[in-house]
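First the structure, in the form of structure tokens, and then the observations on it.
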């Protein structure tokens with residue numbers, strides 16, 4: 001079963017192909033896009049060990065010469081050091097502008113490789129082959145590329161659209177359960193921000209998705225990508241509606257920053273927590289019903305995701321430190337705080353100039369000090 005979803009960006013439009021067996025048929029999808037039959041595959045050591053040879057063989061069978069660059073797994077790779085190392089290795093290979101880079105991995109590999117492609121010789125084409133649920137439904141689509149800095153997540157980056165996204169659902173079979181739950185956080189986000197019917201379907205099918213039922217994954221990934229593709233086509237540079245895709249991310253990134261962007265708290269877990277907090281803060285501000293917030297929280301918790309600060313660690317967080325992280329958020333303008341809040345499940349909006357004292361009081365209620 002193959003589903004193709006177009007991302008309509010005029011001359012830079014591309015397809016997101018979703019289905020099974022796509023890695024083994026990667027050559028037939030990728031070879032026609034190449035000016036010169038040469039690619040560099042960037043992958044981490046874990047994905048490379050499990051699937052790298054399959055992808056390289058599929059490409060070579062289509063007459064494409066391949067080089068493989070291995071990077072360490074984990075968020076720490078998305079750094080200035082990681083970017084410099086990858087850029088140097090691409091230069092050492094002598095890649096030309098007519099060649100292609102393939103990001104074969106999760107969100108970290110996709111973000112890092114996409115940014116390196118954006119700046120390599122002022123821009124080289126790249127393809128996303130996402131290997132995690134989170135990357136398939138979110139980070140591989142839309143052209144956002146970035147690295148982290150000690151001051152925050154994804155603060156240095158560029159918009160650089162891929163030429164193609166291949167989302168092979170078979171590869172999710174080897175994904176650890178924790179990573180699958182992290183991806184589910186981004187799936188349920190789409191229902192919470194703008195599709196109540198999809199949210200209801202997820203309530204009823206969360207276990208089918210997490211048990212990797214193929215039909216459930218086709219629906220979950222397909223609807224998520226449809227929504228993201230539509231929003232990106234309307235607002236590529238996030239000057240308007242695309243900001244809604246950050247539901248849960250401002251709260252979540254703040255907690256990630258305090259936790260050091262490591263494996264103690266993964267990005268999807270932070271987003272799950274952040275969405276629950278966004279609903280509760282919306283209730284506190286008189287924007288959303290407590291019933292909707294409780295229902296959203298229950299749906300997030302059903303996937304085994306954290307919904308409270310105390311789920312992350314027993315020691316309390318500093319409210320002031322969390323607020324300082326939100327001030328570094330990319331949505332912030334004129335020194336004010338900007339959050340994606342909700343009126344109801346399926347009805348999110350961008351709230352500008354959020355009151356710092358109200359936010360601090362809320363975080364104290366949440367257990368911060």
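A Cβ is built for glycine as well, from the same backbone N, Cα and C atoms used for every other residue.
What Swiss-Prot lists as NAD(+) binding site is 107, 108, 109, 110, 111, 131, 132, 144, 153, and the listing cites sequence analysis. If you look up Swiss-Prot, you'll see 186, 249, 267 marked as Zn(2+) binding site, on the strength of sequence analysis.
Secondary structure at residue 132 (NAD(+) binding site), as computed by DSSP, is coil.
Sequence-distant contacts (6 or more apart, same chain, Cβ under 8 Å) of residue 109 (NAD(+) binding site) comprise 42, 43, 44, 47, 71, 77, 103. When the Cα atoms are compared, residue 111 (NAD(+) binding site) and residue 267 (Zn(2+) binding site) turn out to be 13 Å apart. When the Cα atoms are compared, residue 249 (Zn(2+) binding site) and residue 132 (NAD(+) binding site) turn out to be 19 Å apart. Same-chain neighbours of the Zn(2+) site beyond 186, 249, 267, judged by a C-beta within 8 angstroms of the site's C-beta center, are, in sequence order, 134, 138, 185, 189, 248, 252, 268, 270, 271, 274. In this entry, 107, 108, 109, 110, 111, 131, 132, 144, 153 make up the residues listed for NAD(+), with the farthest two CA atoms of the set 21 Å from each other.
Cβ neighbours of residue 153 (NAD(+) binding site) (same chain, under 8 Å, six or more residues apart in sequence): 253, 256, 257, 261.
Taking a C-beta cut-off of under 8 Å and a sequence gap of six or more, residue 107 (NAD(+) binding site) has these contacts in its own chain: 130, 132, 134, 135, 138, 139, 140, 267.
In the three-state DSSP reading, residue 153 (NAD(+) binding site) counts as strand.
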